[in-house]
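K.L.:
Okay, these came from TrEMBL:
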DOMAIN    58-98  domain 'Zinc finger Sec23/Sec24-type'
DOMAIN    121-311  domain 'Sec23/Sec24 trunk'
DOMAIN    322-425  domain 'Sec23/Sec24 beta-sandwich'
DOMAIN    439-537  domain 'Sec23/Sec24 helical'
DOMAIN    553-639  domain 'Gelsolin-like'
Amino acid sequence: MATFQEFIQQNEDRDGVRFSWNVWPSSRLEATRMVVPVASLFTPLKERPDLPPIQYEPVLCSRATCRAVLNPLCQVDYRAKLWACNFCYQRNQFPPTYAGISEVNQPAELLPQFSTIEYVVQEMLGLTKPAAAQAGRGPQQPQVPPSNRFLQPVQKIDMNLTDLLGELQRDPWPVTQGKRPLRSLGVALSIAVGLLECTFPNTGARIMAFIGGPATQGPGMVVGDELKTPIRSWHDIEKDNAKFMKKATKHYEALANRAAANGHIIDIYACALDQTGLLEMKCCTNHTGGYMVMADSFNTSLFKQTFQRVFTKDEQGSFKMAFAGTLEIKTSREIKISGAIGPCVSLNAKGPCVSENEIGTGGTSQWKICGLDPNTTLAFYFEVVNQHNAPIPQGGRGAIQYVTQYQHSSGQRRIRVTTVARNWADAQTQIQSIAASFDQEAAAILMARLAIYRAETEEGPDVLRWLDRQLIRLCQKFGDYHKDDPNSFRFSETFSLYPQFMFHLRRSPFLQVFNNSPDESTYYRHQFMRQDLTQSLIMVQPILYAYSFNGPPEPVLLDSSSILPDRILLMDTFFQIVIYHGETVSQWRKAGYQDMPEYENFRHLLQAPVDDAQELLHTRFPMPRYIDTEHGGSQARFLLSKVNPSQTHNNMYAWGQESGAPILTDDVSLQVFMDHLKKLAVSSAA
């Protein structure tokens, strides 16, 4: 029997799904007591080189309110050529093309290894009528559709486009001293959305907005043209002193909803030293699945390489992007959908599997995701609705089916179907098996998405208090302790890392807006809401590697005790890659030892983290900022602000010892946080 860890990993590799719980409590009452909801992180287009698309249509359940897709969990009667839907139990006849099936000759969609399967929709996605239909018209020329007046295939106008881009110049309009350049960004976006709306409705398309500064006139303006009036800060927003914000946000939301309704994506590439209005424009990318990239200048290699990665191709030479997607979820009758958090909009599809308790974008079982790539990940939250007095038979399983329809970059319409099932367990008698099935990494990211979603509309301290309360309740439910004895508190292995994730989440730029502009906070939150589990974990708790003469590179604790004079540290925060040279290593480097032949091993030591950093820089989108710093360097702050401050200027015993670097901060350390958590968890008063 594989361990739960192996089971979780296999499911992620095969289906792109991670659940917070992998055994589900069998009643609504018990599910609410679990603190962390039954929820999943789902990557609809997870790369599967071993999954070639099947060239036929999926077989659907005949019940009009169900329409689930035939899958390996369905019961099949091979003699009568019938199959029973595992969601609504309807018995369905196989289509005539399945006449030859038997126990030894099964179609792919019934094989257990094809719990995820991709179909190519057979009618071709053509913007004009098929050639056969036009052939009956005789010799006259078919009429040119009006869209050709504005938009042409890139092959036809390749030269013209290159010439036009080459001739582009800076706006020569003089800018008065003390004024900002006049930018009508809201109008420009409105024209782009309107043009695509008229010419290619419900067809995949991208609008790419390159923004060199904030909109300063017209609808969507976020700041006036007077330089003496700064763009809004968090302080202004709290004091309700951001006079353009509400009106601008409303304008961009209307554009985002129009684009999303037609399946069009809006990307925002904002390059400026000051804020450009990402806070007001965030719905343009968040509702349409578009990219948001923030950099200092369009001339930096950081921006150029990030932009090139948008056009990455797969082994077949197709762009790694999908368009005009819709995602529908089917569930067993004991479970309902509360909602989704991610780059999607609701399609308002009510149905029997939709819960009344909404989380995120709820009240629907279908969402529109205009832009998808292999990493786009959505969080789905579920509600167990089975009543406490209606037990589920022993061995019963709850099933969820994700049906993603999208337009492939080759123009084909495809449908990817993922069907998963998990066991039910009675929390009264089988609480141990439920606890053992907890996926602490997935749960941490699912709770983080929920917290960030709340932070968009609620006060920061309220969100932190809510997060703390949930953590304390989880410790009380699953911790092992004696009442009022904090030293007796123990957490099983499946929960042990969860409090640590929450500690780092509380300190992260996703929930702490201090020292970040509203645009920066918006950018960080946007990236977190679309990345997969691995990247999201790096954002919450950065990875730290140590390089020294004592052995090969090794992962070390994200703690100030890891900062030693004879070490080089490589920290990956997702947004930055930091190489930090300890005090002694830094002095050797300044003395030029690496250039002396007898110190070749030192040269190799200096090069090792650089090589590893390059590997990360080449694979990530958007490309992270590369920082090379040293002990006492001004940019060492990037490392010092992330590590757990176990040694600070307040606990003086750290001074002069070889046990790490003291951090100048008043933040509590992980140890203090854990001590308080244990005290509150075991308290009788709680």
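Just so you know, glycine gets a Cβ as well, placed from its N, Cα and C.
TrEMBL labels come from automatic prediction, so no person has curated them.
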K.L.:
Thinking of Cβ pairs under 8 Å, which stretch from 58-98, 121-311, 439-537, 553-639 has the most of them with the domain 'Sec23/Sec24 beta-sandwich' (322-425)?
P.N.:
121-311
K.L.:
If I count Cβ-Cβ pairs under 8 A between the domain 'Sec23/Sec24 trunk' (121-311) and each of 58-98, 439-537, 553-639, which range comes out on top?
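P.N.:
So the stretch in question is 439-537.
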K.L.:
Averaged across the domain 'Sec23/Sec24 beta-sandwich' (322-425), what pLDDT does the model get? Just tell me the whole number, please.
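P.N.:
Averaged over the domain 'Sec23/Sec24 beta-sandwich' (322-425), the predicted model reaches a pLDDT of 96.
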K.L.:
Checking distant contacts: for the domain 'Zinc finger Sec23/Sec24-type' (58-98), what same-chain residues at least six beyond its ends satisfy Cβ-Cβ under 8 A?
P.N.:
107, 109-112, 114-115, 119, 330-333, 351-352, 397, 399, 401, 403, 415, 417, 419, 421
K.L.:
With DSSP helix as H/G/I and strand as E/B, how many residues of the domain 'Sec23/Sec24 beta-sandwich' (322-425) fall in helix, strand and coil?
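P.N.:
Split by secondary structure, the domain 'Sec23/Sec24 beta-sandwich' (322-425) comes out as 0 helix, 59 strand, 45 coil.
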K.L.:
Could you count the residues of the domain 'Zinc finger Sec23/Sec24-type' (58-98) that DSSP puts in helix, in strand and in coil?
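P.N.:
Residue counts in helix, strand and coil order: 3 helix, 11 strand, 27 coil.
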